[in-house]
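Annotated features, as they stand in TrEMBL:
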- 357-386: domain '4Fe-4S ferredoxin-type' (DOMAIN)
- C367, C370, C373, C416: [4Fe-4S] cluster 1 binding site (BINDING)
- C377, C406, C409, C412: [4Fe-4S] cluster 2 binding site (BINDING)
Amino acid sequence: MKKYTFDKGGIHPPDHKELTRNLPVETMPLPDELWVSMAQHFGAPATPLVKRKDRVGEGDLIGAVEKGLGANVHSPASGEVVAIASVPHPILGKVPAVVIKVDHSAPPKDYEARPWDGLSPQELLGRIKEAGIVGMGGAGFPTHIKLNPPPQAKVDTLIINGAECESYLTADHRLMVEHPEEVVEGVAIIMKILGVARAYIGVELNKPEAIEALEQAVKKSARQITVAPLEVKYPQGSEKQLIQAITGRRVPGGGLPADVGCVVQNVGTTWAIYQAVVLGKNLYERILTVSGRGVKRPANLLCRVGVRVADIVDYLGGLSEETVKFILGGPMMGFAMADLSAPVTKTTSGVTFLSRKEADLSNYGPCIRCGRCLAVCPMGLSPNEISIYMEKGRFEDTPRFGLLDCFECGCCAFICPSKRPLVQFIRTAKMKLRQKAMATKKG
Ligand code: SF4
Ligand code: SF4
């Protein structure tokens, strides 16, 4: 069997997926309140379209972005708007949110499949935009924009990212095992939008049941779709590495996948596209993994957007006394948080609770110039230099070590024998450069 992989750097962290990989997705019951963030996508937060005391139905539009990049936000349940408040956000601090008191007596909304073959690519894109779909595996880039590359890009290949190489997370794995035909229909919809004849679904070899389920589903499709087994290596699921692994093409520094004729979509986003186009369902729930030895009952949950992490913890029986760290996402690329009132958003692929044994809380030391971080960096960057310059307060010097090509995979920090928080240095350097650019613009 051919194994696809990228050639530069990478690591093999313990995956801890045994905690949840065999657990079927269960539906998280609706809590009494949903805190629906208006910042669930790349770009400025959406503007709430509702006010206190308004009644909302499941799937109703409650937030929109008028200008610039963004995506619609829909009510995840029927109920009454009780406040426009703020909720914790991993990057922006606090962001506006619509608080909905759930009406538990309202019947769930029914959806029926309908044919989509007669729709044009523009009509399909319009439906995706209306449904508020964003990239569900990362920063939440609006999908209707990503699927509309400039004509000069000459896109010929679609790649679906089912790698799920982040430790602990098994949400995409369960989705591919439990809904393979819907995923494949989603792939066919995207192929029609892009006008491409070829698509690959990349899945790491540690998910044999997902590979098998997708292969069976692909056999029933008239499209040219290949399930591409990927070597188990982190970060196999990052866009540039996945493109190189499957097609051999290299996205240039500062470039985009479309520059080498590719578009990459996460498998969860592909399922959301299926639901939007075939069922007419807006995006207001997702599958996520709750894991780590810090949570009493790890699980894969189908969870409405706006459910707070504290509600999930209650549902899963609480946290163990040994819990020392809570991360939105997985330990490699996720964001450590302090506040359990943070809500699930469209981009929450998981919530990880680490016990004392799993989290390394030791202090970091000076760089000993061992070079290990350089060897594992899949982008060939110099994270050691970035950290040294940041310690000296010289953030303006960091771009020459590749700062802006860093996609914060965490390989360097994982391997560093001095436990240096290299990704934190990198994120701070990027933030300071952004602040400086904004101040210059204003001045
Ligand atoms: S976090 Fe950035 S610098 Fe570190 S290994 Fe990943 S891409 Fe390289
Ligand atoms: S791995 Fe750590 S100690 Fe080694 S060169 Fe990189 S930053 Fe320095």
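The backbone N, Cα and C atoms fix where each Cβ goes, glycine too.
Nobody curates TrEMBL annotations by hand; they come from automatic prediction.
Recorded features from TrEMBL, shown on the structure.
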residue	record	Cβ neighbours (10 Å)
C367	[4Fe-4S] cluster 1 binding site	18
C370	[4Fe-4S] cluster 1 binding site	13
C373	[4Fe-4S] cluster 1 binding site	26
C377	[4Fe-4S] cluster 2 binding site	24
C406	[4Fe-4S] cluster 2 binding site	22
C409	[4Fe-4S] cluster 2 binding site	25
C412	[4Fe-4S] cluster 2 binding site	30
C416	[4Fe-4S] cluster 1 binding site	22
Next on the checklist: Summarise the domain '4Fe-4S ferredoxin-type' (357-386) as counts of helix, strand and coil residues per DSSP.
Outcome noted: 9 helix, 0 strand, 21 coil
Next on the checklist: I'd like to confirm something. Which of the binding-site residues, C377, C406, C409, has a Cα closest to the Cα of C416 ([4Fe-4S] cluster 1 binding site)?
Outcome noted: C377
Item to check | Entries of C367, C370, C416 (binding-site residues) sitting next to ligand 1, with Cβ under 6 Å as the cut-off | outcome: none
Checklist entry - Relative to the Cα of C373 ([4Fe-4S] cluster 1 binding site), which of the binding-site residues C406, C409, C412 have a Cα no more than 10 Å away? => result C412
Next on the checklist: Return only the integer: C-alpha distance in Å from C412 ([4Fe-4S] cluster 2 binding site) to C370 ([4Fe-4S] cluster 1 binding site).
Outcome noted: 12
Checklist entry - To the nearest whole angstrom, what is the C-alpha distance linking C406 ([4Fe-4S] cluster 2 binding site) and C367 ([4Fe-4S] cluster 1 binding site)? => result 19
Item to check | C412 ([4Fe-4S] cluster 2 binding site) - helix vs strand vs coil (DSSP) | outcome: helix
Next on the checklist: Near ligand 2, meaning Cβ under 6 Å from any of its atoms: which of the binding-site residues C373, C377, C406, C409, C416 fit that description?
Outcome noted: C373, C416
